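To keep things clear, I will list the structure first and then write my remarks on it.
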Amino acid sequence: MLHVGINGFGTIGKRVADAVRVQPDMTVAGVAKRSPNFEATIADDRGYDLYAADGREPFDEADLGTAGTVHDLIETSDVVVDTTPSGVGAANASLYAEHDTPAIFQGGEDADVADVSFNARANYEKAVGADTARVVSCNTTGLSRLLAPLRESYGVEKSRVTLVRRGADPGQTGRGPINDTLPDPVEIPSHHGPDVQTIFPDLDIDTMGMKVPTTQMHTHSVNVTLESEPATEEVTALLADESRLFLIPETLGIDGAGKLKEYTRDAGRPRGDVWENCIWAESITVEGRDLYLFQAIHQEADVVPENIDAVRALSERTASAEKSIRRTDEALGVGRGLVEHDGSPQRVDSHADD
């Protein structure tokens, strides 16, 4: 049983902890927090051992017991998943090295924070036995999952993606915009293209980014020039076969991210989370060698199964990407609980204790 420490219990950390808890080969060693805020209270209520990142006194004053400091958590963990805010993970890197504990960082860190940038579908094997890995950002994760099967089946000559990004997560009260549409950045490419190239170094990709006043999901407008000319139906079947790609049937009447999140909440997903890329099936179009589609990415959730797979890769628990992905998906419920593209319902009870 792998003992996994979670340093940080915010948007990503709490989801990773719950995902680790339901894995058959993992257990949560504990979670580290800087302050005894509501997230620390939730962690305690869920039965996770709390560790103090910046001293135990504030937790004692808040009557929240701690099992030790972050150093103690790292020492007791086989692998640590660092889900602290951007920049903090890089500052923590020396802690993990000091304790000789493999560590997984998030996509907000620069690529050089880790030995490898990681996406389970695209380059799992490169992280097997590594000391550190960086799970790429939510947008890069979504693009990598989409591009990997396209590259394998048809070859990719060039990718062009416009990313319409949510202004903030629901809990980020200090971010925006509130009433504007921003090119972000104005320069081309946005950082997303170079980040995808940390997964596919030889990929020709251009990306443009925008921010809009919503907290729902990111939406991508994708154009991929392939090296061959498959039929639209062939590409649709290829993508439908990927467990972490959900093709939204036209019959559901889901025309935006708001309805998509409403659907996943009603379907019983914990927190309404969408671990999969959500591709509008009717948007998939092939003209010559050019593929077009729209997809939505849930920025709070899509990297969660990737973190679980990264734990297995670093710990060398399995060298097989397919085996790890299947185990993660089965335990978490990825690829299930929603209506499949052929219209047949596939529902399972949620394993998460949310």
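Residue numbering: from 1, along the chain as shown.
Cβ atoms here come from the backbone N, Cα and C positions, even for glycine.
Sequence-distant neighbours of CYS138 (active site, nucleophile): residues of the same chain at least 6 apart with a C-beta under 8 Å from its C-beta are GLY107, HIS218, ILE297, HIS298, GLN299, GLU300, ASP302, VAL303. For CYS138, the entry in Swiss-Prot reads active site, nucleophile, with the evidence type sequence analysis.
According to DSSP, GLN299 (NAD(+) binding site) is assigned to coil rather than to any helix or strand. Under the heading NAD(+) binding site, Swiss-Prot lists THR11, ILE12, GLY108, ARG166, GLN299.
In sequence order, LEU163, ARG165, HIS192, ASP195, HIS218, HIS220, ILE297, GLN299 constitute the residues six or more apart from ASN139 (D-glyceraldehyde 3-phosphate binding site) in its chain with CB-CB distances below 8 Å. As annotated by Swiss-Prot, D-glyceraldehyde 3-phosphate binding site applies to SER137, CYS138, ASN139, HIS192, GLY193, with the evidence given as sequence analysis.
Compared over the binding-site residues GLY108, GLN299, the count of CB atoms lying within 10 A of a residue's CB peaks at GLN299. Between the alpha carbons (Cα) of THR11 (NAD(+) binding site) and GLY193 (D-glyceraldehyde 3-phosphate binding site) lies a span of roughly 24 Å. Here the C-alpha separation of ARG166 (NAD(+) binding site) and SER137 (D-glyceraldehyde 3-phosphate binding site) works out to 14 Å. If you take the C-beta of SER137 (D-glyceraldehyde 3-phosphate binding site) and look for same-chain residues 6 or more apart in sequence within under 8 angstroms, you find GLN106, GLY107, GLY108, HIS192, ASP195, VAL303. Apart from SER137, CYS138, ASN139, HIS192, GLY193, the residues listed for D-glyceraldehyde 3-phosphate, the same chain places the Cβ atoms of GLY107, VAL136, THR140, THR141, GLY142, LEU143, LEU163, SER190, HIS191, ASP195, VAL196, THR207 within 8 Å of the centroid of those Cβ atoms.
The NAD(+) site is defined by THR11, ILE12, GLY108, ARG166, GLN299, and by the 8 Å test on Cβ atoms against their centroid, the other residues of the chain that qualify are CYS138, ASP169, GLU300, VAL303.
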